[in-house]
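K.L.:
A single structure is presented below for examination.
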Amino acid sequence: MPECRWRQRMQVDATRSDRFDWQPAIALSTAAFCLLLIHYLKFDHVFVAALQQLRGSGEAGQRLAAALITSPFLPLFKQLWWGFWHLLGYLLIPLAVIHWLFREPANEYGLQLAETRRFWLWYLALATPILLFAWFASARPDFLAHYPFYRQASRSIFDLLAWEIIYLLQFFFLEFFFRGFLLHACQRAFGLNALFVMMLPYLMIHFAKPWLEASGAIFFGLLLGLLALRSRSIWGGVAVHSSIALGMDLMALYRSGTLPQRWWPG
């Protein structure tokens, strides 16, 4: 019975095949805009430029900019800036499109648990070998120099927790954007081929990464997409991404002997 429902969901909607379909057109146009937004606005230098603009906006702006610039948490504020653009581009704008333009419930775009538990072994099989590989790689100096991305994570438990909240939420936003919004918006028009429509921009956001990681994004993106369609949920993908990211950060801190010992930076 579940297999029959799966096959029915993967059928291309015949009522959409002989006319222009606005839904995938809107979804792909939205995706293009959001990816541009994130790519150009997420960086530290844009945050610094925004602070400079704030300093010239009046006395209140000057005080706020000065407080941020002189704060010991300035590096964390830069990560919040990075996280904000992912929140806006990967989650809030797509949710607005689903609600106001598609007029559909967001739960239909993977936010429900649905049949996630049926596929837990697949998700475990995805995460486990990567975590094992990461454990051995974490002894390498280049690994320790790369993780965690937030270099102040070892300063205090607060720094580490704040960073991991920002970092792991970003994976929820990312999974919703690619395996929720983009995949489900295209599925009725393209059927199972929507996986490849989703996979291409997912690969492209990895172009700045090492070639092996970027190449793996093809397989990883397709398999997570297939599991998202089968389970009707993004939460398995969120769990896989989050466990790998958290594990790699903790491995790096443990291997380097820099796990934070105090709650608050001194």
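One is the number of the first residue shown, and numbering goes on along the chain from there.
Placed from the backbone N, Cα and C atoms, the Cβ positions cover glycine too.
Sharing the feature lines straight out of TrEMBL:
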type	residues	note
DOMAIN	160-244	domain 'CAAX prenyl protease 2/Lysostaphin resistance protein A-like'
TRANSMEM	20-41	transmembrane segment
TRANSMEM	80-98	transmembrane segment
TRANSMEM	119-137	transmembrane segment
TRANSMEM	157-177	transmembrane segment
TRANSMEM	189-205	transmembrane segment
TRANSMEM	211-229	transmembrane segment
TRANSMEM	234-254	transmembrane segment
K.L.:
Does the transmembrane segment (80-98) reach the transmembrane segment (157-177), going by 3 or more CB pairs under 8 Å (6 or more apart in sequence)?
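P.N.:
Since 3 or more Cβ pairs under 8 Å link them, the transmembrane segment (80-98) and the transmembrane segment (157-177) do come into contact.
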K.L.:
Of the listed stretches (20-41, 119-137, 211-229), which one yields the highest count of Cβ-Cβ distances below 8 Å with the transmembrane segment (189-205)?
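P.N.:
By the under-8 Å Cβ criterion, the transmembrane segment (189-205) pairs most with 211-229.
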K.L.:
Counting only residues 6+ away from its ends, which parts of the chain sit with a Cβ under 8 Å from the transmembrane segment (211-229)?
P.N.:
6, 9-10, 110, 119, 122-123, 126, 175, 178-180, 183, 187, 192, 194-196, 198-199, 202-203, 236-237, 240
